[in-house]
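Pulled from TrEMBL, these are the features on record:
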type	residues	note
DOMAIN	A:21-440	domain 'DUF112'
TRANSMEM	A:12-36	transmembrane segment
TRANSMEM	A:48-71	transmembrane segment
TRANSMEM	A:111-137	transmembrane segment
TRANSMEM	A:149-166	transmembrane segment
TRANSMEM	A:173-193	transmembrane segment
TRANSMEM	A:205-225	transmembrane segment
TRANSMEM	A:261-283	transmembrane segment
TRANSMEM	A:323-344	transmembrane segment
TRANSMEM	A:356-379	transmembrane segment
TRANSMEM	A:391-408	transmembrane segment
TRANSMEM	A:420-443	transmembrane segment
TRANSMEM	A:463-491	transmembrane segment
Amino acid sequence: MEVFSLIGNGFLIALTPLNIGLLLLGCFVGTLLGALPGLGPVNGVAVLIPLTFAFGFDPTSSLILLCAVYFGCMYGGRISSILLNIPGDEPAIMTTLDGYPMAVQGQAANALAISGVASFVGATIAVIGLSLFAPVLARAAIHFGPADYFALYILAFATIGGIAGVDPRKTLLSAAIGLMMATVGIDPISGVPRYTMDSFHLYDGIQPIIALVGLFAISEILLLLEKTAKDRPKAIKVDRWLPQWSAIWPTRWAMLRGSGIGFVAGVLPGAGASLGSFMAYVFEKQKSNKNGTFGKGDPRGVAAPEAGNNSAAGGALIPMLSLGVPGSGTTAVLLAMLISLNVQPGPLLFERQPDLVWGLVASLYLANIALLVLNLPMIGIFTRLMMTPTWALMPVVAAITFVGVYGISNSIFDLKLMVFFGVLGYILRKLDISLVPLVLGLLLGGDMERNLRRAMSISGGDWGILIASPISITLYALTIGFLALSVWLAVRDHKQTKAERLTEG
Amino acid sequence: MTRMSVRLFGAAVFAIAALYTLQSQQYLITFGDVLGPSVFPVIVGIPMMILSASLVVFPTGDVAWPGRDRLWRQAAALAAFVGYTLVMEEVGFPIATAALIALIGFIMGGSPWRALALGAVFGPGLWALFDQVLGLPLDFLGTLFG
């Protein structure tokens, strides 16, 4: 099969010394970021992006590093879920339900091992899916014209907020704010400077990287300052690190089911890893909770959500790479990095830069093996590092954020812009407005406008071109259907609980 | 009170969107480009005005703003961030970063001496790591001393 030779070439790229080094570094840092309560995948990747930029890695190496961090976070999040009963990151919330009770009952080693193996199974299945389905989707997307892309972006904005919970108006407003910011700078087609307020700093537009580092990382610090600085509970002692194989084997079907559900949730727009683990847990509970053991330390309740969250994380890469439309917060951040490195994801990526795509895919296979090693025999390191207190951790993270952003172009203006976005991100998060649509708007706005104007140039100013192809009509129909569904859901459960808002993984 | 924040936010966004849409009319259509630079901002601005107006009229969600002591901590952290951007090029990277780390560490609840020690280690430490080891040029002394 063609896929095998492509992946074979990918391994040649992945196995260069630099890429192996970045891969291992990314896996380690990612697991650590995931394990530390308070730093999730979005923040972790956002903090690291400016650094990859400042060091001038090529796009393939940058993407390998950041995807390793992304996958590592998904592995690491469960560690503090199980040992502290505090999710290390948002997708690991479901793992606390059965993981912590297991640890309390002296099964910590088994819980960690089951979740580690489940992470491996889920992530590996997702990477296999990525190798098989992404090229197919990319081939189909080749037939898209400018008007179809415009429709696709509209669909992306309508769906990014997900169907779970939040007021859809807030999501759309967030996307509109992003699109508004995307128009700042010199218009690439006519050369007119727009909304620059006569500041030459803004002539190049607002750099998405700087905006998202502020929106995610700086606002996270401001949010943390709201919480009471209470002592973290002591981690449960783990007496032995070697798991029992007999404890892992019975959870195999839960892992496979969780992986399947998570993968589908990941590929769908607006879902992401949090929803993947949520759905995997709920499904497994319905299927296997015969004796009412779920929530009291059932191993399958650990296996399913972990497999689901890792599988969804991998699945979310598919629409990002093959359509250029990310389905989750972290993939939106990865997209920002690629666009800033002048790589335009989408169907042409597979034709023009097969090295990047297949090098990444091969690296992800390797990353899973590295992460399994890091997360089974070497887990003791992370449980110790995990106890770093917040007051020592966050200031250093903040400083690294400042270095990274300053390093991009040695500009103090960039730092000020980042702080501004930090405050904006804080306010939006307080008002329950998701940041992901804003980032997406800022990222895709330029391209969306270009496609619209290109389509209108082709038609000579006839707006009918926007609904002239079956592809765009289908996409608009999907958009309307999705919006109708989310409005209906929002009206139905007007009083949603916080736990239902699981869209930002 | 809680719904008020959403209303205020909606009103602010409405005003910005209105100005944004109005301003777009200043960007004249140039020859050879059918749509010109002013249409897309209108396409974004008008739905934005509708959405934000609807949030003013029908706000949703409860917003719990932090108490006064927390707000002070946030303001202090913000002041540290802004201060950093103001003095970094003057005093150089290690000193500015040490101060930033110490201040944020203290604001986050570390004891003063420990926060200072953290800053004293990581300020120069990060400079050494990024400038010396990883080759990212960062000013050591700044314009004030250098």
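Glycine residues also receive a Cβ, built from the backbone N, Cα and C atoms like all the rest.
Note that TrEMBL annotation is computational and uncurated.
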Among the ranges A:12-36, A:111-137, A:173-193, A:261-283, A:391-408, the one whose Cβ pairs under 8 Å to the transmembrane segment (A:205-225) are most numerous: A:391-408
PLDDT averaged over the residues of the domain 'DUF112' (A:21-440): 85
Candidates A:261-283, A:323-344, A:356-379, A:463-491; stretch with most C-beta pairs under 8 Å toward the transmembrane segment (A:111-137): A:356-379
Contact between the transmembrane segment (A:173-193) and the transmembrane segment (A:391-408) (at least 3 Cβ pairs under 8 Å, separation 6+): no
Long-range environment of the transmembrane segment (A:261-283) - Cβ separation under 8 angstroms, sequence gap at least 6: 41, 74, 90-95, 97, 122, 125-126, 129, 133, 155-156, 159-164, 301, 304-316, 318-319, 325, 327-331, 502-505
Range from A:48-71, A:391-408, A:463-491 with the greatest count of C-beta pairs under 8 A to the transmembrane segment (A:356-379): A:48-71
